[in-house]
Amino acid sequence: MSTVTTSKPSTPATVSAAAAVGPADEGRIGLRGNLRHIGALVRRNTLQIKQDPESMFDVVFMPIIFTLLFVFVFGGAISGKGQQEAYVNYVVPGLMAMMGMNIAMGVGTGVNDDFKKGVMDRFRSMPIARSSVLIAKIVVELGRMMVAIAILLAVGFMLGLSIKTSVLDLFLSIGLSAVFGASLMWIFILLGLTMKTAQAVQGMAMLVLMPLQFGSSIFAPPSTMPGWLQTFTDYNPLSNLADAARGLINGGAVAHPVWVTLAWSVAITLVTMPLAVRKFRQKT
Amino acid sequence: MMDMTRNDKNPLNGSHAVEVRGLVKHYGETKALDGVDLDVREGTVLGVLGPNGAGKTTLVRILSTLIAPDAGTATVAGFDVVRQPRQLRRTIGLTGQYASVDEKLSGWENLYMIGRLLDLPRKEARSRADELLERFSLTEAAKKAAMHYSGGMRRRLDLAASMIGRPAVLYLDEPTTGLDPRTRNEVWDEVQRMVAEGATVLLTTQYMEEAEQLADQLTVIDRGKVIANGKVDELKARVGGRTLRIRPVSSADVPGMARSLAEAGLDGVAGSQAVPDEGVLLVPILSDEQLTAVVGLLAARGYAIADLGTYLPSLDEVFLSITGQKPSSEDSAQQTEEVAA
């Protein structure tokens, strides 16, 4: 092929006798190896929860407290006194979207904490794909999210939630929440890797979350909101996810909000995942 | 000093397991490494001795592919740290200054996880975890979370974790810093055992004594530069094994005593050193015979001695005798690293 057989890499920092003989880097990890590593790390994260059961408090109590609060505090005001049950069917699909966001937020502080520990140096000096540490974290957090959604639905059913479509539609709404939740986790992982302390991550996350959560159709229909805010809620991915879940559980048109939610999920993941993995690689 | 049995599994052929040439790493204005060269021969232990902030941890982090050098080259087991990090990671084991195990996992789970991450089949990962816990006397604590381990147990678990993949080259970054003497001896015993089995080790330490115990060769670094290189005995001879501290009744006698010893050739390679403020003379001592001769000579010359005693040189004195200056006392490089981390 090339006739210039004597040429050497131009950067002196990367030249060495061994490199001149050996191939550039053949240590790429195959898919099966990657899955095995992710599996071992998922086991690690799960055992951590076992050792520290208090870390499950949020996913157990958040859905109970939020559902009771919103149904009984706002339910009457929004759906009419004594009409709380109607509000249950409105707010529970919305809360499903919110669970995803709140749990995703915790991933950022978790990653930030994890990085302060020596074990991260060990992982990074081992022959594993560095992304597998992050992916394992996301898998476990999705599991926690499923627990939160199960409890949310259980509380919902006790308060009179009814599925007006089919179980399949219910599962589709859960799946959509998981897809969107996973994409949000990449944002918070990126934040967690970028910011210096877990508190800073928490503060920053709250700043982003509050307007997104309340400037949405999660808690109340946007029809009473001023026009500029309605425009905001129209594009707010949380509104779309809440609308999609609501449509899937209560019936009605779902195609538009489902596509918008999926588009947001893909876009967020495509932008933030490579940045997060890169940041993770460059961490020193 | 140590049994240097060759390890047949070792892929290296008696050459340098680690080769570092002109390694440079800056943190802003601070030069953590400023052109470091060193070699570790296969099957030997290289001690990298230096004070806090000398650049030892930076060196280990570059050799572990955790950070990239700004200039220079480094190869481990023939693999380049910049160009072949993935292959390189298969050949190394790292035991850091801070125990790098998962605190919330039990000892057994930590080792099993690392076995799986190193692609051992489940069964082998299990048996390797059992085997290493046994070897490092941790079987009883196997099921306890590492957070409940004592400092020494954690360090042993950390060593065990580094051994799972039977690495060709092992980095021990200040393996006994912060341990009490008894625990320190336990760790030393384990390291000596690994070396006897043929491991190649790069050991960083702040303690002369630790380097003496474990290392075949020594590289002394300060402020990111290599300031001395050689076999432990050679360096010790240059520094003086012990120092005899003599305080005559009259401090005016100090120069005369020094002259007498120099004339008799009893003041060691580096020469004796007067400390006028304290009225004492420091004499490097390499053997008991020399010690006896020094005392005998001074007595024969009629010097009245108020006090005398020997002590081992501190790392500061090692530096003083090698470089003629005090080691960098401020930890600037180390601190910069922590900020960057």
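Yeah, the Cβs are placed from backbone N, Cα and C, and that goes for glycine too.
Annotation comment: TrEMBL describes A:54-283 as domain 'ABC transmembrane type-2'.
Listed by sequence, the residues of this chain that lie at least six past the ends of the transmembrane segment (A:59-78) yet keep a Cβ under 8 A from its Cβ atoms are 84, 87-88, 90-92, 95, 98-99, 102-103, 144-145, 147-149, 151-152, 155-156, 159, 219-221. Under the heading transmembrane segment, TrEMBL lists A:59-78 (among others).
Same-chain neighbours of the transmembrane segment (A:90-112): 58-59, 62-63, 66-67, 70-71, 74-75, 78-79, 134, 137-138, 141, 144-145, 148-149, 152-153, 156, 161, 173-174, 177-178, 180-181, 184-185, 187-189, 191-193, 195, 197-198, 201-202, 205, 209, 212-213, 216-219, 221, 238, 241-242, 245-246, 248-250, counting only residues six or more beyond its ends whose CB sits under 8 Å from a CB of the stretch. Among the features that TrEMBL reports, transmembrane segment is placed at A:90-112 (among others).
According to TrEMBL, the transmembrane segment annotation covers A:133-158 (among others).
The transmembrane segment annotation in TrEMBL covers A:170-193 (among others).
Feature annotation from TrEMBL assigns transmembrane segment to A:200-220 (among others). Within the same chain, residues 70, 74, 78, 91, 94-95, 97-98, 101-102, 105, 108-109, 112, 188, 191-192, 229, 232-233, 236-239, 242-243 sit at least 6 positions outside the transmembrane segment (A:200-220) and bring their C-beta atoms closer than 8 Å to a C-beta of that stretch.
Annotation source TrEMBL lists transmembrane segment at A:258-277 (among others). Listed as Cβ neighbours of the transmembrane segment (A:258-277) (distance under 8 Å, sequence separation of 6 or more from its ends, same chain) are residues 130-131, 134, 176, 179-180, 182-184, 186-187, 189-190, 193, 237, 240-241, 244, 247-248.
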